[in-house]
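A.B. asks: According to TrEMBL, the protein carries these features:
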DOMAIN    B:30-334  domain 'SAM-dependent MTase RsmB/NOP-type'
BINDING   B:Cys132, B:Ala133, B:Ala134, B:Pro135, B:Gly136, B:Gly137, B:Lys138, B:Asp155, B:Asp188, B:Asp206  S-adenosyl-L-methionine binding site
ACT_SITE  B:Cys261  active site, nucleophile
Amino acid sequence: MAAFSRQVLDWHRLIPLTWACMARQTLHLGEQRRTTASLLRKLTTASNGGVTEELSCVRSNNYVQEPECRRNLVQCLLEKQGTPVEQGSLELERVMSSLQDMGFSNAHINELLSVRRDASLQQLLDIISEFILLGLNPEPVCVVLKKSPQLLKLPIMQMRKRSSYLRKLGLGEGKLKRVLYCCPEIFTMRQQDINDTVRLLKEKCLFTVQQVTRILHSCPSVLREDLGQLEYKFQYAYFRMGIKHPDIVKSEYLQYSLTKIKQRHIYLERLGRYQTPDKKGQTQIPNPLLKDILRVSEAEFLARTACTSVEEFQVFKKLLAREEEESESSTSDDKRASLDGDEDEEDEDNDEDDDDEDDDEAEDNDDDEDDDEEEQL
Amino acid sequence: MTYSVQFGDLWPSIRVSLLSEQKYGALVNNFAAWDHVSAKLEQLSAKDFVNEAISHWKLQSEGGQSAAPSPASWTCSPNLRCFTFDRGDISRFPPARPGSLGVMEYYLMDAASLLPVLALGLQPGDIVLDLCAAPGGKTLALLQTGCCRNLAANDLSPSRIARLQKILHSYVPEEIRDGNQVRVTSWDGRKWGELEGDTYDRVLVDVPCTTDRHSLHEEENNIFKRSRKKERQILPVLQVQLLAAGLLATKPGGHVVYSTCSLSHLQNEYVVQGAIELLANQYSIQVQVEDLTHFRRVFMDTFCFFSSCQVGELVIPNLMANFGPMYFCKMRRLT
């Protein structure tokens, strides 16, 4: 926090400096190139006392650009922008120097100016400032705005309000980068929607506040997910896979699609390589780590965790997709799936009007395995 | 009974296949317009794996490949046509329907179930016994060969025999069903040695077993539950008795195929060895196991075989070819 506020203060102090710089430049258009050092000497004679420290700070951070270069850049940009030179140039120079003070390179500035379209320069500066205040570095800011220029259209008040909300959620201090890359809507979506997701995670899934922050930070896609789906995904991990909260958070489980999770988990389960822990949380075999299931590429998953051929998994995925589809539409007439208690069931039921006479049909009930253990297959 | 011990590294692939949807083959009903039916099935991009295997076989014998034994003892039962989709293709056949001749066009079954019937090697005019016939898929296949002068189909359970009757009704024309050609009974198979000893040219003993594929799905009433351990232990005893009865009912020089849909060598090889021993010791009858290596080779493209059976062959399920389990062993009664 301290470093952050120092950074902000430095920036605020720099504005008068650069103003002085700019003022001098517009008067001395024809002057020759000056070294940074001579420029700085000039600045020390300026009216602001106690400025030397900031200057050295400035110099060491390369905030001050060569005046000549800046002038050329300004002219270039003005031509591109097509604004009236006099007034436009003042504002543009002001904005540019602010950006430079924040640490944006000329290339960055170029990019930013080109994505802003009809947003005003002030708007641009305001929005960018908010990002910087939230702890984002210049490079990520450029990336985000290039990818999602609609963010520049946000009213600054909404922007500030949202920033403060995000800080409350623990997403300041530079944690925002990943979220913004993945989910820029975090600024444009309704606060209520973010609220709903946060509440689901806290109240229904029972994650702690810190865990929720970590989840938002590492799996920003949860903001986009339907709440029912998100809850189901959590329940799948907790009940079906037997994974506890800390591991769900640590493994960044929530970022993966339910399809992928089910494919890989059910495959391992049917292979006999993954078991749902019993009431005491124990399994007969050590389950593979979550990261070896979800975080690895498919090739590595198959080679090291599942230990089967690629083609088997491809077929399995197709079969699973069909199973899921059919269980959803729950056709009663799927004779192929009928498993009545008959012993020799190698034949499918070919008769159209056959009725199930032997009804040992197993129901899908929870089997209490404590007393009646199955032989381990 | 841990299959992981028996199958080692193969077990996970078998297990996932057992727990996933199995693959079916369409056995063409020769009593319908079978060429028309075959064409229809080909249009679905399915292939007659029996036909393909036979072409393989012919190629191999012509090429003078090693261990291509004499034709007489090695022919497959004829006239069987069964379509399957390619390896890795999970398409399903549409349910069978009656054709123009009033009987159903094809019979959907686990394609591996056809192998015991193929291995039995029926020849025209054979007198055939299907000792544990229900629900009737293999019985139907036996009839399809057109080789049965007489076919006796038996199963202990009356309700299951009723299913067999229904199948015959839907697939086989009246004149064949109602004549002397097919006889359906519901007696105790273990008695056949006394009932009809030394009678049959070909005998199929497709015994009741733990039906592993379905047992893995069922939680309730699962044969592998500890509470049913006694039942499991008794099973091989019953199976030996049935196989022995089947052997006793065979003419000297005749052939028997023993089959199960279990992976367990306790129900498979042990039973074969047990029955052969029993016949030798108690009845002084010599029985010889016939090698099916060549047979297995021609079907290897369609099915996955387990390579370490002491006697007989075992089709193991694999996601690429989710047929089986099906164990079968061919024997010849020498005396």
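These residue numbers are counts, starting from 1, taken along the chain as shown.
Cβ from N, Cα, C; glycine included.
Each of the listed features needs to be described in terms of its position in the shown structure.
C.D. replies: Summarising the environment of B:Ala134 (S-adenosyl-L-methionine binding site), the number of other Cβ atoms within 10 Å of its Cβ, over all protein chains shown, is 30.
The local packing around B:Cys261 (active site, nucleophile), expressed as other Cβ atoms within 10 Å of its Cβ over all shown chains, amounts to 26.
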A.B. asks: What's the CA to CA span in angstrom from B:Asp188 (S-adenosyl-L-methionine binding site) over to B:Cys261 (active site, nucleophile)?
C.D. replies: 20
A.B. asks: For B:Lys138 (S-adenosyl-L-methionine binding site), name the DSSP secondary structure in the helix/strand/coil scheme.
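C.D. replies: Once the DSSP labels are grouped into three classes, B:Lys138 (S-adenosyl-L-methionine binding site) ends up as helix.
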A.B. asks: Starting from the Cβ of B:Asp188 (S-adenosyl-L-methionine binding site), draw a 10 Å sphere and report how many other Cβ atoms land inside it.
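C.D. replies: There are 12 of them.
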A.B. asks: Using only the Cα atoms of B:Cys132, B:Ala133, B:Ala134, B:Pro135, B:Gly136, B:Gly137, B:Lys138, B:Asp155, B:Asp188, B:Asp206, which the record gives as binding S-adenosyl-L-methionine, return the largest interatomic distance in Å, rounded to a whole number.
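C.D. replies: With B:Cys132, B:Ala133, B:Ala134, B:Pro135, B:Gly136, B:Gly137, B:Lys138, B:Asp155, B:Asp188, B:Asp206 as the binding residues for S-adenosyl-L-methionine, the largest Cα distance is 20 Å.
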A.B. asks: Measuring Cα to Cα, how many angstrom lie between B:Gly136 (S-adenosyl-L-methionine binding site) and B:Cys261 (active site, nucleophile)?
C.D. replies: 14
A.B. asks: Filter the binding-site residues B:Ala134, B:Gly136, B:Asp188 down to the ones with a Cβ under 8 Å from chain A's Cβ atoms, keeping sequence order.
C.D. replies: B:Ala134, B:Gly136
A.B. asks: If I take the alpha carbons of B:Ala134 (S-adenosyl-L-methionine binding site) and B:Cys261 (active site, nucleophile), what is the distance between them in whole Å?
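C.D. replies: Spelling it out, the Cα of B:Ala134 (S-adenosyl-L-methionine binding site) and the Cα of B:Cys261 (active site, nucleophile) are 13 Å apart.
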A.B. asks: Can you check how the pLDDT averages out over the domain 'SAM-dependent MTase RsmB/NOP-type' (B:30-334)?
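C.D. replies: 91, rounded to a whole number.
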